[in-house]
Amino acid sequence: MFGRDPWGGPLEISNADSATDDDRSRDLDRAALMRQLDETQQSWLLAGPGDQAGKKKKKYVDLGCVVLDRKIFMWTVGTILGLGVFIGFIMMIVKLVPHKRPPPPPPDQYTQALHKALMFFNAQRSGPLPKHNGVSWRGNSCMKDGLSDSTVRRSLVGGFYDAGDAIKFNYPMAWSMTMLSWSVIEYKAKYEAIGELDHIKEIIKWGTDYILKTFNSSADIIDRIVAQVGIGDTSKGGSQPNDHYCWMRPEDIDYKRPVTECHSCSDLASEMAASLAAASIVFKDSKTYSDKLVKGAKALYKFGRTQRGRYSPNGSDQAIFYNSTSYWDEFVWGGAWMYFATGNNSYLTVATAPGMAKHAGAFWFGSPNYGVFTWDDKLPGAQVLLSRLRLFLSPGYPYEEILRTFHNQTDNVMCSYLPVFNSFNFTKGGLIQLNHGGPQPLQYAVNAAFLASLYSDYLESADTPGWYCGPNFYTTEVLRKFARSQLDYILGKNPLKMSYVVGFGNKYPKRPHHRGASIPHNGVKYGCKGGFKWRETKKANPNILIGAMVAGPDRHDGFKDIRTNYNYTEPTLAANAGLVAALISIADIPTGRYSIDKNTIFSAIPPMFPTPPPPPSAWKP
């Protein structure tokens with residue numbers, strides 16, 4: 001056998017050789033010494049293996065792919081470790097030292113106005129006021145409502161006064177509660193973020209508690225409901241004290257307040273049903289109260305559907321102040337809310353019946369009031385509400401055809417709000433004239449602003465960037481721009497540089513048409529005619545009616561701050577409800593979520609499709 005000689009040349013190794021390993025090693029050493037060695041080989045022989053390894057270990061560090069000088073390596077490692085300890089020490093100090101966080105940005109003007117607008121409802125409360133009501137010049141009032149009427153003989157204490165008088169009109173009051181509830185359902189996170197959720201829920205409950213008193217809410221079938229408490233007709237002359245003839249604080253009222261009941265009032269009953277149904281979703285975390293509201297809503301809607309008729313017959317007090325033109329729109333509006341509150345498809349069937357839509361005016365495209373959302377015409381709001389159902393749940397047959405129609409018509413209504421289409425006139429200052437130049441325009445403008453802002457949120461939440469007006473596509477920001485323009489006008493961006501919300505801004509109406517705000521809170525009781533001097537004075541109201549949106553300017557952007565002219569200076573419950581809804585919808589309030597709550601409104605609706613069967617059990621041999 002031959003092996004390789006490390007010094008060059010062959011080396012014969014015999015397997016049969018019996019020499020020991022030591023002998024073979026000595027032979028190799030002798031053989032090596034017999035050859036001439038170069039300097040490198042001689043150095044290897046002079047220095048033993050142990051000495052060479054020791055020198056390399058002291059001078060170098062072998063990192064595998066790189067050999068470094070040992071001193072440089074140790075210095076580098078030490079430097080890195082030192083820097084790490086230093087940085088860790090600095091970070092520990094930074095964490096332990098208390099930080100001074102920058103203050104949050106101030107709320108935008110819409111949020112500021114919203115806080116004030118909600119206070120108006122506190123000023124309009126009737127009955128025993130809570131201690132935290134926050135309106136120092138208001139007190140308990142009309143504590144015998146209903147009990148003093150010989151035909152009723154039950155308590156109707158509570159609720160809200162409608163405007164600058166002390167009448168409780170149930171028709172606009174119920175609509176106001178529906179609007180507030182709708183805004184809470186959609187924008188609960190926003191209300192919570194600004195600390196107003198408990199406040200607005202308390203306002204809604206104050207209204208729904210009263211509505212439950214106006215009929216037999218414990219019964220499944222009813223035959224009458226209260227339409228109004230108090231009376232305001234002064235057209236017949238005479239000096240009979242009533243809520244419009246007298247100018248006195250609600251706390252001082254000592255005249256009779258008659259109660260008006262109705263036995264066939266589909267519009268009123270359906271609106272009251274809508275208010276209770278919407279509120280039941282707001283209070284769904286309180287099952288007992290929510291169920292009570294649903295029960296009352298069912299009785300009201302059934303009564304409205306079976307006892308057909310308008311609540312405001314010709315010549316009645318209701319017809320003079322809050323006349324209802326039809327009850328078909330309330331059937332659609334109330335049916336939609338009943339469906340969301342109960343999940344019962346029979347209500348959706350009513351709301352989406354083609355004949356119902358036709359009677360409600362869904363196809364009256366040439367009507368000058370088409371698309372104008374008010375306390376009287378709920379169809380535009382109902383169409384937006386049912387478009388929501390189509391966008392997010394899409395129930396399909398047999399509802400799809402009319403839901404698609406409502407969705408398309410909602411698109412058309414949104415187009416009509418844009419100045420470019422000339423569907424409605426605008427003042428030179430930019431206020432839309434949805435009532436065609438008539439008085440008290442602001443209540444219509446805020447409702448349109450709310451629908452536009454809300455619909456834009458619906459589209460965005462459904463991943464839809466906009467909508468079509470004919471062949472033209474418009475983004476959702478166009479709708480928000482319209483909504484902001486109307487609210488900006490109301491809050492002071494107008495030719496008069498005046499805010500039409502009392503207490504907001506530096507310049508606002510000082511003489512709202514409001515009895516309680518105009519009479520000093522001085523402990524002196526003024527009779528029916530005793531307050532006339534306060535009505536006629538040109539002085540500013542002694543009590544500031546915080547958050548009240550007055551009726552508004554004329555079609556030329558003009559405004560007269562005159563107490564006796566209610567077409568300029570009177571605030572109303574319904575108008576402020578629309579204002580609150582519009583403000584919360586457009587306010588820039590970061591919540592870390594969608595702008596709207598996509599799911600809560602559908603919480604009572606069962607799954608659209610049957611539950612799939614469970615998977616088969618695992619196969620066993």
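Yeah, the Cβs are placed from backbone N, Cα and C, and that goes for glycine too.
Curation does not apply to TrEMBL; its annotations are automatic.
Copied from TrEMBL, the annotated features are:
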type     : residues : note
REGION   : 1-23     : region 'Disordered'
TRANSMEM : 72-94    : transmembrane segment
DOMAIN   : 110-583  : domain 'Glycoside hydrolase family 9'
ACT_SITE : His513   : active site
ACT_SITE : Asp561   : active site
ACT_SITE : Glu570   : active site
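Mean model confidence for the domain 'Glycoside hydrolase family 9' (110-583) is a pLDDT of 96. In the structure shown, the C-beta of Glu570 has more C-beta neighbours within 10 angstroms than that of any other entry among the active-site residues Asp561, Glu570. Sequence-distant contacts of His513 (active site), defined by Cβ-Cβ distance under 8 angstroms and a gap of at least six in the same chain, are Ala163, Gly164, Val550, Arg563, Thr564, Asn565, Tyr566, Thr569, Glu570, Pro571.
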